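Q: Sharing the feature lines straight out of TrEMBL:
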TRANSMEM  20-42  transmembrane segment
ACT_SITE  Glu190  active site, proton acceptor
BINDING   Gly220, Gly221, Ser222, Thr223, Gln224  ATP binding site
Amino acid sequence: MKASSSSGQMTMSLRMVRFLFYVILFALSTIIILVTLNNTWLMRGPGHATSTLDRLSAALGVQERVFAVVIDAGSTGSRVLAFSFFKSLTDNSLKLDDQLWHEVKPGLSSYADNPKEGANSLLPLLELARERVPTEYRAKTPLVLKATAGLRLLPPEKADALLQEVNVVLSASGFHTTEHSVGIMDGRDEGIFSWFTVNYLMDRLTGDPKDSLVALDLGGGSTQITFLPIKPDTLTSTPADYLTTISLLRQNLNLYTHSYLGLGLMAARKAVLMQHLVGDGKVKSPCVNPIIDNYEWSNGGETFYISGSVVPKYQEIRGQAGRLGEKRPIADHKECIKACMAVIGKQVHSPPELKSREVIAFSYFFDRATERGLIDPFKGGVLSVQEFLQAAVQACNIPNAEQPLACLDLTFISTFLTSGYGLSGTNTINLYKKIDNYEVSWALGLAFHIINNGI
């Protein structure tokens, strides 16, 4: 009986071992199949986010961690963006895993007369990037700095002096740099990389081209528009230098893209104010409420002292419920439109297709909308062009010493959208600073480019 009992227990043990073996084998097979599918381009989903499978893929040697560091030397500040990705070894595709973002002010162009100090202003950004990228990855992590409109607007000799000093600092950073790491970004590339970023983060790069987004970026010194045309008329009626072909996801795409240098918000603000310069940096502008007196504002090394119009304008407010009426000081919205139109002129091309496409706008478009309480500063939101127009009128009609240039800024934005790009009041615009907790910036598009193609 004891022998029979022992034999039975041994049989049960063998069955259990066999069962566990098959369970483990099935689990490993399932993981291998899922990892394989996750790293097969034809089977991969459209999402940009990483998952547990990507981490398993890295552990199994099917993917690898890669990093890229981009410094955006803008006209109003310098920002470091350090990205980490999972890169598939089967097709070299990238999935965004993490991002560092930090900004220092002022922008590099403010150091035009002291280039060494300008280069040293980047040291805190480089230190943050070193903290984010593990030591063993730094020597092979590409580092680039691209300046935008702020340096494009400087005299060439001053811009070159700044970039030379920056190159010295970046070369000593411990990251991978080349002779092409530092430079001024072409406005067209700025638009293309921004377009890639928003469509990548919104998962619009795959699928029907009509679902791709129009990207509107309003910087300090320039503004860009980029989209993938779906109407043949757009391709045939658009100036040739507004069209470019890029290779993306194993296909060639014809993009509409253009950068308007001098029509960024700060550059446009300066151009509007200069129309009403009365001497010694003093400005008396119809875009400014009469209550504003000698408000100090600096741009591009120049300082202005801004007040309301030479001839103040007032609005009669009738008294209600027994209250006395008043004469409220207001900025002159109509005259401000004229001043903005003098800056915009006829240089902006307005593709008719734009009215029927989904638009996403960022940078100063987003900032000014949040300052006026039009959208959630964290989540962003959707506004009609008409709401921008109404916000401009309200900013001009209501005295606000805390936002003395709100009338000018919002009038320029609303005028640019309508008279420039030809949008109607019913057109809507998606406004975001972040998508899925990632900054909306051309830097992400550039990071993809330098990882896949080198610096």
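Using the three backbone atoms N, Cα and C, a Cβ is placed for every residue, glycine included.
As the structure is a computational prediction, the values presented were derived from the model and not from experiment.
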Q: Would you kindly give the Cα-Cα distance separating the residue listed as 'active site, proton acceptor' and Gln224 (ATP binding site), rounded to the nearest Å?
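A: With distance taken Cα to Cα, the residue listed as 'active site, proton acceptor' is 8 Å from Gln224 (ATP binding site).
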Q: Using a Cβ-Cβ cut-off under 8 angstroms and a sequence gap of six or more, which residues of the chain neighbour Thr223 (ATP binding site)?
A: Leu216, Asp217, Ser259, Tyr260, Leu263, Gly264, Leu265, Phe416
Q: Reported as an integer number of Å, what is the Cα distance between Ser222 (ATP binding site) and Glu190 (active site, proton acceptor)?
A: 10
Q: Go through Gly220, Gly221, our binding-site residues, and report the one whose Cβ sees the most other Cβ atoms within 10 Å.
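A: Max Cβ neighbours within 10 Å, all protein chains included: Gly221.
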Q: In Å, rounded, how far does the Cα of Glu190 (active site, proton acceptor) sit from the Cα of Gly221 (ATP binding site)?
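A: Between the alpha carbons of Glu190 (active site, proton acceptor) and Gly221 (ATP binding site) there are 12 Å.
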Q: With the ATP site defined by Gly220, Gly221, Ser222, Thr223, Gln224, which remaining residues of that chain have Cβ atoms positioned within 8 Å of the Cβ centroid?
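A: Neighbours found: Ser75, Thr148, Ala149, Gly187, Asp217, Leu218, Gly219, Ser259, Tyr260, Leu261, Leu263, Gly264, Leu265, Ala267.
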